[in-house]
Every structure is written in C-alpha cells, then in structure tokens.
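Chemist: Sharing a structure, written as structure tokens. Questions coming.
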C-alpha cells in the first residue's frame, strides 16, 4: 500500500458532515509505516506501476484543503492553549509533520524504482549522483537518447559543474544500452510521481514551518522555525526527537559527500541541519563543530519540554539559547596571558659550608693536576712541543721538562684531619729513634764483593762521593736545567701561558 492508497482510505472513512480528526493519525501512521514500506518495496520489486493518478490527486486535494483552511483561519491563542486532544490545528500540525516523513519514504521508494529501471541505460549514474532528488532530475534531463555523451553534457542546470564533468566523462565509456519505449515510459511516470510527492512535501514543510512556534516553541527559539521543521521531519516528529540521544541530533540531515576525485579539504563531515542553523553559522569557523554538538544537546532538552507542553511561551528555549551563546563566547575568548613571575630576592647572606672527607675527595677529584698546570706554562724563549692528531694540534707547554703529581692535593689546612696528641708523641718517638747516632750492635761495616771478597767499607766516604756527583750534574748554578720556583715565590724562569 502506497502513501496515496493510505490517504485515499482515510478519506473514505470520513463523512461529509464531520470534521476530520487528526488525533490518532500519529499512532496509525506509525503502525502502518512498516507495512506500507514492505508493500511499496514488494510492488517495486515486481515492477508494478507506481502511478496512481486518481488517488494521488484526491490525497493532494485533501491535504491542500486542510492546510489552506488553517492557514487562512489560524487558531486563536485561546484555542491553542487547550489540551492537544481538543485542539484540531495542533493535531493537524503533528499529523502533517509525521506525514512529511512518510512522503520522504515514498520518494525513496520511487527513487529505487527509477534507479532499477534506468540502470540498463546508465549503470554508473547511481554511484555518481547519490542524492535521490538530484538523481531523479538527472534522469529526466538525460533521457533515453541514442547518443548519451551529448545528452550528458547538457545537464548543467541540474547538477553542480564538478558532477556534470564526471558524468560526461563516464558517459563516454559506459556499457549501457538504450531502453525500450515501455521501460522508458514507466521511468517517466515514476519521475512525474516523484515531482508531485516533492511538491506535497514542500507544501507540508512550509505549513509546519509557519506553525512551528505552536508545535515546538522552545525548539524554535534555539534553531529557528526552518531548522526545527527539518529536524522534526527527519527525526520522526517531536516524540522521535525527544527520545533521540543528544549525540545523534547534529547528524540529522547529514548527506554522503560526493567527492568524485576532488579535494575534500573544504568539505565538512558529520554536519546536518543543526550545522546550517543561524546560531552555529555565526560562530567562528574553528568552533563550529563544537557549537553544533552543544546546540544539538540543547535541542533535545527543548524538544522534551515541548513534548510535555510546558512553558509554551518559549521562555525555556530562550534560556537555553542564552546559555549556548554564553558558552560560545567563552570558546571564542583568547586564552589568558601568561603571568611573568618576578625573580626571587637573592640570598646573599652567609651560608654554611660543610666539609669533611667526602668534600675533600670531591674537590681533589675535580682539581687541576700538576700535569695540566705544566701544560699551561711555557718556557721563556723556547718553542713548546706540539702533538697533532685528527687535524688538531695541542701544545704540551713544559710537560716534557719536569713532572709533577698526577693529582694535586689541594686541600685547605683548616679542613685537614688533625693528628691526636697520642699519635704525635708516638710519631716523635719513632723519629728520634731513627735519627739516633747510636749504632745497633748488629750493624757492621764489612761487605762482601766478588772482586776482593771481604772488604771494610766506610759509609761516610760513599755518601760524600754520591753528593759530589749530584752537585756536578744537578747543581742550581750550572744553568743546564731551569729552576721552577715554588708557588708564591717571586723568582722563576717560567712564564704562565
């Protein structure tokens, strides 16, 4: 059973005297929705004719008469304040809004019929044009000519230029065949029926939009009457929108983007009717995705309030809109400036410097060695030796002339470990015993040599010979070696680098 058959059955059940009641149309429409879709799909699969001229004309006439009557004579505020079961116009608004959903379903059924019957002529067209209404207009514009390429180039007023170019290129390589006159006539009849359904849907939409302030005043205060009518039409009425999760509202009306090989940088994904509302469009571009989620959540709250028919003056919707605007203003505000903290007052007072074994070891580990100090010194009037490796040269200074300790014991006298009094006395006793002139009874001046055997040696004469040899070669006044003074002395032949 199609939409036209259902409307015809409703007309037959009404008497000429009584006024048609729309109170139970929502329930009956929801109960018969699944059966109507199944019947329509079965008729479509069997290929039956979808054109019912007489029934469609009577249904359109009935719909136009009711809408025109309430458009010319709208209900008074006193009548609109009555409960829903006593207000005929409110019931008509609800029924018309629910009927728009059924009309959309019927358009989809007709679109499937046209797509299946026109597929042998242009199989690739359904992939290039995914929108049902645009597909129907494209089929009517192309037609069933022998030369498909020429016809595909003359549809500039129906589809965007990018899609028209893709259709023209695909038409040159299509494998479709020309339709028979009977098949093409059924496609034309289906296109005409789709046009009448689209006209009826627009009529219903315009009426519902004009009376949206009565059906959903709080929702209209947030997104406007046009967007509110679109949301109710897609969501299945006010009850469907009130039951919908808030995270899905901004997806209502989202369409599949037709890329056709072009860039997707400027396309907004997951955007629907809420994104096109005035409240979201006046938000900066970088915050629109966040704004549509916020607006969608508030739309559900407003729809639930309208469903209960409370606060009919729209004050609740105005409060929600004020909260949304305040939230969007906070999003657009620049971030707070970074606070530059002043430097803390330097603590120049005396500090406790701890010493000890660990501190001395740490200082000795990183102290400059005597070898490094010699490298930094040069002998006056003499070139220093250099060592080269890997394109680098380093001077040795006075390292080749004298040597010192590898690690300097640069320790402060105040922090050195002090010897106890008992240790001092013991050390002094040992020193005096070593320096004593008394000779031990076991000491002897006899020595055994391989040349003379037993020989009497004078230790004093041997020490004198060693001292004379040292003075001959290592005397300070010979000038053979440079004399390096100790630290703090004024004399010295070396100069610091």
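The backbone N, Cα and C atoms fix where each Cβ goes, and this holds for glycine too.
On a predicted model such as this, the values are computed, not experimentally measured, just so you know.
According to TrEMBL, the compositional bias 'Acidic residues' annotation covers 7-21, 41-52. Summarising the annotation, TrEMBL assigns compositional bias 'Polar residues' to 22-33. The annotation compositional bias 'Basic residues' is assigned in TrEMBL to 351-361. If you look up TrEMBL, you'll see 215-333 marked as domain 'Nop'. What TrEMBL lists as region 'Disordered' is 1-55, 339-363.
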Chemist: What are the DSSP helix/strand/coil residue counts across the domain 'Nop' (215-333)?
Modeler: 78 helix, 0 strand, 41 coil
Chemist: Could you count the residues of the compositional bias 'Basic residues' (351-361) that DSSP puts in helix, in strand and in coil?
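Modeler: Per-class counts: 5 helix, 0 strand, 6 coil.
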Chemist: What mean pLDDT does the predicted model reach across the domain 'Nop' (215-333)?
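Modeler: When the pLDDT values over the domain 'Nop' (215-333) are averaged, the result is 84.
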